[in-house]
Amino acid sequence: MVSPPPTLMVFDDFNNNSYDGGAGPSTGPRKRGRGRPKGSRNGTRKPKKPKAYDPNSKLIKSCPKFESGITKAERESGNLEIVASVLMRFDAIRRRLHQVNQPKDILTTASTNCMRMGVRTNMTRRIGPIPGVQVGDIFYYWGEMCLVGLHRDMAAGIDYLSAKRSGVDGHAATSVVTSGQYDDETEELDTLIYIGQDGKGKNRQPCDQVLKNGNLALEASVRKGNDVRVVRLEKHNNEKVFIYDGLYLVSDFEHVIGKSGFKEFRFKLVRKPDQPSGYAIWKSVEILRNHDLIDPRNGSILGDLSFGAEVLRVPLVNEVDEDDKTIPEDFDYIRSQCYSGMMFDLNVDIQSLGCHNCEGESCSHQNCSCMRKNGGELPYHNNILVSRKPLIYECGGSCPCPNDCPNRLVQTGLKLHLEVFKTANYGWGLRSWDPIRAGTFICEFAGVSKTKEEVEEDDDYLFDTSRVYHRFIWNYEPQLLREDASKQVSEVINLPTQVFISAKEKGNVGRFMNHSCWPNVFWQPIEYENNGATYVRIGLFAMKHIPPMTELTYDYGVSCVEKNGEDEILYKGKKICLCGSVKCRGSFG
C-alpha cells in the first residue's frame with residue numbers, strides 16, 4: 001500500500017510558521033485607525049458589501065516545513081507506489097475543495113498546489129513507457145496526467161522533446177491526447193488518425209496549420225520511428241475519461257484541406273503489438289453496456305445472479321472455461337444486511353433520533369443533527385466519499401428528509417454495472433463494466449450480522465473488523481490547502497463493538513470480492529438508525545480510479561501480527577495469499 005506521509009506540522013499564529021503569502025487575517029483585536037469616532041451617526045451608513053471570494057485563497061506559494069514524502073529521485077522517476085500516491089493525494093484535495101464549496105478553479109488549485117509542494121513524479125521528460133503508469137490506466141482530469149508525467153504539456157494535445165532535449169537529432173514527439181476538439185479518427189482499435197495542432201489565427205478564426213512545435217515533432221517521429229504514448233478521450237455518463245492506450249508509431253502524415261476549408265496535418269499512428277489491452281477493453285465493454293440484455297460472450301452463464309433483487313442486473317460469466325456452466329454454491333441473494341438480533345444502543349431515546357428539523361428538505365444545512373454527527377459537513381459530494389472516517393452517520397428511518405438526500409448513499413443499492421466472473425486462479429471474482437472514479441460507492445458487504453460466538457471457524461465469506469488491516473492514508477492533507485494540520489480527519493476506525501458479517505448463506509455481490517494486499521477498494525463503516533435501533537453497515541468504496549473490467553479487491557486483514565525486531569512487523573493470516581501483487585504479504589484472514 002501507499003506509505004503514509006510524514007507527521008504533519010501544525011501551522012498556527014503562535015509558532016509563526018505561516019504560509020508564504022499570508023495565512024489569513026489575524027484573530028486578535030485590531031487598533032482603531034484615525035477617522036470618525038466610535039458611535040458617530042453622522043450621515044447614513046451604507047451596508048457593508050459581502051467580502052468577495054478569493055479564488056486564490058487555497059493556492060500555496062510555498063510551505064518550507066511541509067514534507068511530501070517523495071524524494072528528489074522519485075520526483076524525477078517514479079514507480080507504481082509513487083504514482084498511486086500522487087493521484088490519490090490530488091483527488092483528495094479536489095474532493096475537499098468541492099466539500100467546502102470553492103466556487104471555481106478547483107482543478108487548477110489542486111494541481112498547482114501538488115506541483116508546488118512536490119507531490120508529483122516522473123518529471124524527467126522521456127520517450128517510451130512512464131514508470132508506474134500502466135496501459136489501460138484511466139484519468140478523469142488532464143492535470144492528473146501531468147502530475148505523473150504521462151503527458152507533461154498542460155494545454156496542448158501534443159507533448160514533445162525539443163532538439164536540445166530529445167537525445168536524438170531534432171524534435172521528437174513523446175505523447176498525444178485526443179481531446180475531441182479536432183476531427184481525429186479514433187474508432188479503429190490499433191490505428192489513430194491524429195489531426196495536428198493550432199490552425200487558429202486572430203480572433204480564433206480558422207487558418208492553415210504550419211509545421212512547427214508539436215506538428216514538427218510528430219513529423220520528425222515519422223522519420224525517427226520513436227515510440228509515442230497515446231491517450232484516448234472517451235465519455236461515460238457525460239464525464240470525460242482519458243484512457244492510456246500504450247505505445248504507437250507515427251507511420252505517415254499528409255497535409256490536406258480539412259473540413260474547415262484550410263490545410264491541416266493528418267498523422268497516422270499505429271499501435272505496437274504485444275501490449276496489454278486499453279482502449280480495446282473500453283470498446284468491448286461499451287458494447288455490453290449498450291446491449292445490456294443480450295450478452296454476446298460464449299462464457300455467459302446467468303443473466304442476473306440477483307434474480308431481480310438489484311435495479312441493475314448482475315451477470316455471471318466464465319470465460320476461463322466456457323464449457324463449465326457451474327454456478328456459485330447455493331446462497332440467498334439479499335440487497336442489504338440482515339440481523340440476528342445484533343444491534344447497538346438499544347436504549348436510545350427515540351425523540352433524539354433522526355434529523356427532525358429537515359422535514360421535506362435534504363440535509364445540507366448546519367442545523368441538521370445528522371450533519372453535526374458528521375462534524376458539520378456532508379460526508380459525500382455528488383455521491384462520492386470525501387474522506388474516510390472512524391464512523392459515518394447516514395440518515396435513517398426516523399429522518400424525515402427525502403430518499404434522495406445527499407446523506408443517504410450506502411442504503412440506496414447498486415449504481416454500477418457489476419458482474420461476477422471466474423478468475424484464473426482463485427474462484428469467482430467481481431468486476432465492473434463501468435469506469436469507477438476514486439471515492440465511488442461500489443456496494444455494501446451484505447450478509448447476516450453475528451456475534452463473535454456465532455461465527456463459524458470455516459466461514460470463507462466472513463467480514464471481520466477485529467482483524468488487523470494494513471494502514472494507508474487516503475484523506476487530504478490540510479497543509480496542501482493552506483489549512484491547519486490539526487484539521488486532519490482521522491482514518492482510525494472507531495466502532496462501539498466489533499462487527500462480524502457472514503455472507504455464507506445470505507449475501508450480495510460483495511461476497512465475491514476477493515482479497516488483495518494491494519487492493520483498489522477499501523471498507524468504511526456506516527451507522528444508521530431504523531425502528532429505534534442503530535446498526536452498522538459496511539460500505540465498499542473505490543480507493544482509486546478503476547478501469548472497466550478490472551477485478552475489484554479489498555484487504556481482508558489478518559488475524560495475527562508479530563514483531564520481528566524493533567521495526568519490522570509480520571502480518572500472518574490463516575490462508576495463503578495468491579494476489580500476486582507487488583505488496584503481497586503471503587497470507588490473509
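Yeah, the Cβs are placed from backbone N, Cα and C, and that goes for glycine too.
TrEMBL lists 29-50 with the feature compositional bias 'Basic residues'.
As annotated by TrEMBL, domain 'YDG' applies to 128-271.
Per-residue pLDDT, averaged over the domain 'Pre-SET' (351-413), rounds to 86. Annotated domain 'Pre-SET' per TrEMBL: 351-413, in sequence order.
Feature annotation from TrEMBL assigns domain 'SET' to 416-557.
Same-chain residues lying 6+ beyond the ends of the domain 'Post-SET' (573-589) with a Cβ under 8 Å from its Cβ atoms: 1, 80-81, 425-426, 467, 470, 514-518, 553, 555-560. Residues or ranges marked as domain 'Post-SET' by TrEMBL: 573-589.
Per TrEMBL, region 'Disordered' is recorded for 1-56.
Helix first, then strand, then coil: DSSP counts for the domain 'YDG' (128-271) stand at 21 helix, 57 strand, 66 coil.
For the domain 'Pre-SET' (351-413), residue counts in helix, strand and coil come to 10 helix, 6 strand, 47 coil, using DSSP.
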